[in-house]
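Shown next, in structure tokens, is the structure this report addresses.
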């Protein structure tokens, strides 16, 4: 206490959905997309549309694979409750309490209804990392030292290594393997683009299928935490329940998209190769080569001398 006032130390905030790493990834892929849009007017005819669809679709898959590793909404939940605000105080506040779980940590949010209550601004968003290069318990101890609000500490305590819930290692290991599977998916996505440009179209389709498979593997890895019961997070009569968030469903959608595109490419290779070559701008090149060969002139005098 300092003159009867509970001390709260200022600290850096972290967004629960987008952070600096996610923004950097999005900017990089947007730069690539804008660069392609600048040069696309130089592509002739309807091939321009095929190039546009192929490049933008590929960039969407790539940016999703990388970006979802840094988002914090693979699993999320909200609850509105009347709860105590500070330790050693009987003051109650009405607030929205959110829990957002990512592959590398958990974010706990606390937003008052209204924001200004008990002579303070109640708008907190705290990140606790559990990746292999971070110490979750140390982050939680720092939160205790900083004097974070009681609801945030109560939720964060559920994920400590000493908690009776025992979910810390489950989320940590599941997130680690999900992230590893996504990085493998990113590598196979790069290989598929190389094969499409060589061109080895059917093998590029196979690698897209592998990309979708590893994205599904990442979802299966993360969903294994649902096999064990989760501790109740209770605020009076209200309970905080979590469900799969936006990043989980976005990864599922892009993984299924990779399956659809990969199956389409493989099917066209075996049943309609001419259409597949037209989509990848190969059929046109062959026609142009034939036309160029038809316009070759031979010097008779040179041929006679050669003979």
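Every residue, even glycine, has its Cβ placed from backbone N, Cα and C.
Record note: among 248-271, 272-295, 248-271 is the stretch given as transmembrane segment by TrEMBL. The list of residues near the transmembrane segment (51-70) in space but at least 6 beyond its ends in sequence, with Cβ under 8 angstroms from a Cβ of it, reads 19, 21-22, 25-26, 29, 32-33, 36, 40, 43, 102-104, 179, 182-183, 185-186, 189, 193, 196, 211, 215, 247, 250-251, 254, 257-258, 261, 279-281.
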